[in-house]
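> Reproduced below are the annotations present in Swiss-Prot:
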type	residues	note
DISULFID	CYS46-CYS61	disulfide bond
DISULFID	CYS53-CYS64	disulfide bond
DISULFID	CYS60-CYS71	disulfide bond
SIGNAL	1-22	signal peptide
Amino acid sequence: MKLTCVVIVAVLLLTACQLITADDSRGTQKHRSLRSTTKVSKSTSCMKAGSYCRSTTRTCCGYCAYFGKFCIDFPSN
């Protein structure tokens, strides 16, 4: 019974700490996460559409066409 009370108090304390920390950090994130395709194209140098590629290496900004062996951009929606 005593152990159960200690565990309950510990869980409540940790929950309160997380809520306080979450309120303090709201709106302070400097770099918002980008979409994965945008992040990849901005973080690495990649080959533009029409360039020669191999399907085993991920060097295209979009994707490497399997049969033609050239880079193709992702379709824009």
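Any Cβ shown, glycine's included, is placed from N, Cα and C.
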> Indicate the candidate from CYS46, CYS60, CYS61, CYS64, CYS71 with the smallest number of other Cβ atoms within 10 Å of its Cβ, considering only these disulfide-bonded residues.
CYS46
> In angstrom units, rounded to an integer, how far apart are the Cα atoms of CYS53 (disulfide bond) and CYS71 (disulfide bond)?
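Spelling it out, the Cα of CYS53 (disulfide bond) and the Cα of CYS71 (disulfide bond) are 6 Å apart.
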> Near CYS53 (disulfide bond), how many other Cβ atoms are within 10 Å of its Cβ?
21
